[in-house]
Structure formats: structure tokens, C-alpha cells
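Quick look at what TrEMBL lists:
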type: REGION; residues: 1-42; note: region 'Disordered'
type: COMPBIAS; residues: 20-36; note: compositional bias 'Low complexity'
type: DOMAIN; residues: 122-182; note: domain 'Tudor'
type: COILED; residues: 274-301; note: coiled coil
type: REGION; residues: 303-332; note: region 'Disordered'
type: COMPBIAS; residues: 318-332; note: compositional bias 'Gly residues'
Amino acid sequence: MDREEGYGDEEGGDAGAAGGPSTSAANGASNGHSAAGSGGAAAGSFAAAASGAASSSSSAAAAARPAGGGGGRSQEVLSVTVTEVVDANEFFVQVVGEPRVAWLAEQLSAASLSEPCPIPPELKTGQMCLAQFSLDKCWYRAYVERVNRSEPMYDVYFIDYGNRERVASDKVRTIDAALSAVPPQAIACCLAHVKVPEAGSDWAADARACLTSLLGGGRPMLAHVVSRERADPKAKHPKSRTGKITAVLVEPETNTNIAVEMLLAGMARLPKLRKVKEAGAREAIQAMQEYEEEARQAHRGMFVYGDPGDSDDEEPAAGGGRFGGAPRGGRR
């Protein structure tokens, strides 16, 4: 039996099992890493399904403005590029114009063009390294999540993009201290004010593909930050060193609110107002109720067989939840 050492699945999740990113939504991404993950093939079905949706949906999402994302309070707004979609409740972004991203790209480009890889080091779980990404053959900063000594293979997490891949021992290198010292540039995010299927639930893959179709292509987005988890700079896993943000995500060119698009496609739901205490969140949810109702009346997505209903013990979700549905709708 192969002997593996690692953290287990809590850090790997479905993205690790998916075998790394695909190319379907990678066009325009800064490093060739995909915003699609493994759901890109399914994502194309949403564009076709969208043409059959009610025409009122076309202007609905564009008219849905973030309004500060939290009821008029001043908040942080980031220009971001989506680099990876893990599931409908978690995707990763980089901040546009971050100087450290440009510096890292310059340094790693030099590494990609240098002499052939030396004898690979024997890495251990928890170590930083450089790993070669399979699609573009370039080198990126990575963190070793698991080691299979018998092959040998390494399960790595690309800390500046949020995706994972299993790589052979000749596809890893030691990393310079200067490169290792730069904080991770991939920031975990989720959508504010809506609930989406959790990973592993019945509709998780469909909702993930829908979100991928909305976020793919490397287009800049505006993230109106509603809340941010406390970052732990000393955390062992790089993912925990940047606090996950909950945000209203808007495509600036069309003013498309991504959460509204998910609602219109029947791939997200709104939390019950009675369970939401914060005034700004209540205001935002009330403003989106018509879009959820449109999906319900049109039997889109999870409403295809009627209203699935709610559980009384259901917890309100800032950016995710337990609900989802079959693919229909998408970008209109």
C-alpha cells in the first residue's frame, strides 16, 4: 500500500480530487491557471440555457446594483481577477495591480527559463517549494499538502492562485527565501447575501459550473467586501494566512451582480429574513427577492420541480448554504 503523509481532506476538498484546473475558462487569466477548475466542460451549457429564460432577466441583473453591498455603509472595494472556482461557496481571487504579483511573475519567469531542473529535493508535508503547473509548464509557488513516497508524487497547493495539483518529483524545486517570504496572493472569497450548495451536496456540481460560467475568462471584477475573516499570518497552511472575504461581486462593464445571476438561474437562494439581524444585509436581501421569485415562477434550476422548501434549523449564510439545482440560466 502506498504510504502517504499529509493533512487530510479538509484542506484539499473537491478541488484536489478534481485533478487540478482545466483550460475551459482560462483565456485571459494571468498565468494560464483556470478560473474554472474541473467544472469548465459543464459551464458551457448555461449559456445555451440562458437564451430560453424570460427576457425580463436581461435587464434585471444589470439593474441590480450593489448599493455598497451592506446597506449604504462605507466598505472596502477591490478590483480582482478570479483565478480558481473550488465550488459555489468558495473561489479565489488576486487583487488587480498588486505589485507583489508582478514581482513574483518576473522572478518565476526567470525560473521557468533557467537551466534544467536539478535533482529534485526530498520535500516534506508543510514545506514551500516551486512546482511546475501541467498546462503551461511554468513554475509557481506551491505548498506541499501531501507526499506519496512510493511513487514519489506531491499534492501541492498553488498559493497565489488557489488551485491544487498532483505533481511528480521532477516537477518540484526548492524555493528561494525571498520568494517564500512574500505572502500568498490568492484570497478565498464567497458571495454575500445568498446561499449556494455545499460541496458534496446533490446540486453542488451544477451550481459550481454556473458560477464558473459567470466568473471565467479572467475578466476584472469589483468585490464590495461585506466581511472579512481574521487572517492568521502564522498559520501553517497558506490558505489560512489570508482571511476569507464575503463580497458582493460585480462585473463593472455591465454592472452585473453575480449573486443576482445565480438567483435568476435558480442556482442560489436567499436566507430567511427572520434569521438575518444586520440591517444592511436585510436591505440587500429584500432588494434581490424579485430575482429569486422569477426563478421560482420559471421553474429554473433547483425550482424545476417546485419549491424545495427550507429547514427550520437552517443557518443563515453570508455567502453560502445548502441549496442548489439543475443547470439552467447563467449569463443573460
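Cβ coordinates are placed from backbone N, Cα and C, and glycine is handled just like the others.
Note on the coiled coil (274-301): its mean pLDDT in the predicted model is 94. Within the domain 'Tudor' (122-182), the DSSP-based counts of helix, strand and coil residues read 8 helix, 28 strand, 25 coil.
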